[in-house]
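Working notes, beginning with the structure itself.
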Amino acid sequence: MSQEATLGIRKSHEKAVATVALCGCRSPPDAQARPERVGQAGRSGLLAAAAAKEKKAGIVRARFMAAQPSPSVPLTRRPLLLGQVEGSQDAVTMAAIVPKEEGLISVSEDRTVRVWMKRDNGQYWPSIYHAMSSPCSCMCVNPETRRLSVGLDNGTISEFILSEDYNKMTAVKSYQAHQNRVMMVLFVLEMEWLLSIGQDKYFTWHCSESGQRLGNYRISAGACGLQFDVETRNVFIGDHSGQVTILKLEQENSSLITTFRGHTGGISALCWDPVQRVLFSGSSDHSIIMWDIGGRKGTAIELQGHSDKVQSLSYSHHTRQLISCGADGRIVVWNMDVERQETPEWLDSDSCQKCDQPFFWNFKQMWDSKKIGLRQHHCRKCGKAVCGKCSSKRSSIPLMGFEFEVRICDACYESITDEERAPTATFHDSKHNVVHVHFDATRGWLLTSGTDKVMKLWDMTPVVS
């Protein structure tokens with residue numbers, strides 16, 4: 001081969017290597033054999049790979065963008081679970097949040113009183129474990145004096161003083177208050193009284209300084225609800241027959257003020273608002289009634305939002321919201337800062353008050369009109385007795401306490417506006433059968449205790465505000 005041909009091949013090879021180097025690729029092993037063609041193929045391959053990579057990145061970016069929630073869509077406000085405490089061998093009958101501390105106090109059917117303090121690892125561990133002589137049925141803790149009163153299944157109330165660091169509790173005295181299970185205990189610091197109700201159908205009150213019994217009052221049935229108004233010295237007692245009894249307490253005697261009834265089932269919880277002077281009662285008939293005690297007009301507002309027994313009530317005074325929990329596992333937050341309407345009485349009639357069709361027991365009208373008797377229903381809005389044909393519509397009536405759709409007559413259905421259907425309560429699932437709640441208004445924390453031996457601590461500030 002001539003020198004000129006050799007020089008030409010060398011220049012062609014150098015040109016191909018330079019071209020591939022510009023594309024960021026290494027020269028293939030056989031570049032000397034096909035220099036120009038390899039350079040063009042490498043450039044085309046790189047461009048195609050870059051285009052595919054960019055397209056793929058674009059698809060990923062599009063998918064990522066699509067997965068992001070739209071800023072204009074509001075997120076659901078719900079309680080935040082701060083912690084869950086397990087360890088009791090039986091149902092936790094009652095529990096409370098330790099004031100100004102990250103701690104809990106619980107009593108259980110397993111006969112134990114426990115104080116749980118939060119450790120550095122974020123877990124709650126017992127700082128106090130005390131075994132009682134009988135299953136614990138209820139308790140009351142006073143934050144100012146750190147006085148803990150525990151009601152037992154045998155009718156005894158045991159009193160303790162908790163140390164400042166909540167690592168020790170000292171027994172103070174014991175009260176033989178009832179013949180059997182203590183259902184509720186309440187300590188009144190202003191009067192130095194210890195109030196209690198029991199399954200023995202008695203309400204009793206003791207002097208917490210001397211330990212002596214000041215008096216008792218026999219009620220019509222076993223009681224579950226107990227509240228006290230310091231200003232008037234009135235005590236409110238709710239019993240299993242569905243009746244609320246109001247007593248006026250003096251130092252050593254009591255007088256009956258009145259009784260009233262509105263539930264079809266037994267009363268399981270009471271809650272008193274001393275500011276608005278209204279009493280809330282929860283019942284096994286799944287309903288809550290707000291009694292306007294201060295208005296002296298006998299107004300009773302129903303709240304229908306649970307599908308099982310209402311177990312416990314708590315009221316947030318600064319936001320005017322009622323918190324209710326029940327055997328259905330629901331935590332319901334009711335807005336009580338709205339003008340609610342009283343539910344009407346159900347009217348009695350032998351025929352439909354809309355179309356005059358006889359009901360099935362009205363034999364005379366059935367014979368005279370030669371018509372088959374119909375079943376009686378009631379409109380939840382007007383209270384009239386109507387047949388199924390005249391009450392085919394369903395609607396929620398939140399201002400009357402019906403958060404879910406109920407039966408109403410066709411005429412009332414047309415009169416309800418969309419604004420009147422706006423909900424006045426929020427519903428949240430606690431995922432356990434709640435028997436008692438304690439609300440710490442300063443921090444917005446709610447403690448639920450259940451039959452599943454579990455306590456759950458919730459941050460309620462997203463919904464109670």
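Placement of Cβ uses the backbone N, Cα and C atoms for every residue, glycine included.
The feature domain 'FYVE-type' is assigned by TrEMBL to 346-417. As annotated by TrEMBL, repeat 'WD' applies to 85-116, 260-293, 303-344, 427-460.
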Does the repeat 'WD' (85-116) make contact with the repeat 'WD' (303-344) through 3 or more Cβ pairs under 8 Å, each pair 6 or more apart in sequence?
-> no
Check the repeat 'WD' (303-344) for me and report the mean pLDDT.
-> 93
If you run through the repeat 'WD' (260-293) with DSSP, how many residues end up as helix, strand and coil?
-> 0 helix, 21 strand, 13 coil
